[in-house]
């Protein structure tokens, strides 16, 4: 069976994934699937760095604004809905282009491990999400508790070993139906951090405080409120800290998040990054995509 060709644009926040995804969609007759766990929420546009209405008019976006703010969203939901979006795009004769920085979502979509049946698949992904939330120390402690020995201790092997221990023969390793071209974007660290700081300032100027205050007043305890861009501002609204301190915390958390994203994509998905500061980097990427799409 011939595999479905997918393009995936990944990398840290603020590196330029949205702009590149739109450019590739326009060049190669594609549609975009958002691979971001926060952009699924309606009414949360600024803090999630959602593609603007103008950007969405340039290329159709799937999996944006598909949940109410008070609804939960899981890796299982993403995989199920992304597969539907892929099939829809393919049926139009177009190329699916996945753009996002939520590594667990993308990895779970691309790999072939699964359990038989809908309910079991949801169980597997919920368990994986739980393991991913653990620190390295707690994760490796679970290996020790269950007397699991793996040849090389790293997070990916540890999580796979724990999944096998829990689900045993029910965990099937089927071949992925997708042939994925991973395009990783990165930039000089200080340049990226400066861009993050400027973007936070721009978000504040564009109305992030009003957006976050609405969330704080109406849905302070939902899953969406725990995302970066909102939780840092809640202590300001409750008069615990001044605005300047809250904004500094938001910048700091975003920079740390970018670092974690880079680590994830390097270590878990073996992404080779292209530096956006390189001359003609978009042209190089377009040639790479063209070669990929024309190959059998």
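The backbone N, Cα and C atoms fix where each Cβ goes, and this holds for glycine too.
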Correct range for region 'Interaction with substrate tRNA' (source Swiss-Prot, candidates 36-39, 40-43, 44-47): 36-39
Coarse DSSP state, helix versus strand versus coil, of residue 17 (ATP binding site): helix
Listed in sequence order, residues not in 11, 12, 13, 14, 15, 16, 17, 18 with Cβ within 8 Å of the centre of the ATP site Cβ atoms: 101, 185
Summary of DSSP states over the region 'Interaction with substrate tRNA' (36-39), given as helix, strand and coil counts: 0 helix, 0 strand, 4 coil
Sequence-distant neighbours of residue 17 (ATP binding site) in its chain (C-beta under 8 A, six or more apart): 9, 10, 11, 99, 100, 101, 185
Residues near residue 14 (ATP binding site) in space but at least six apart in sequence (CB under 8 A): 49, 192, 195, 196, 199, 254, 258
Substrate site, defined by 13, 14, 15, 16, 17, 18: further same-chain residues with Cβ within 8 Å of the Cβ centre: 11, 12, 19, 49, 101, 185
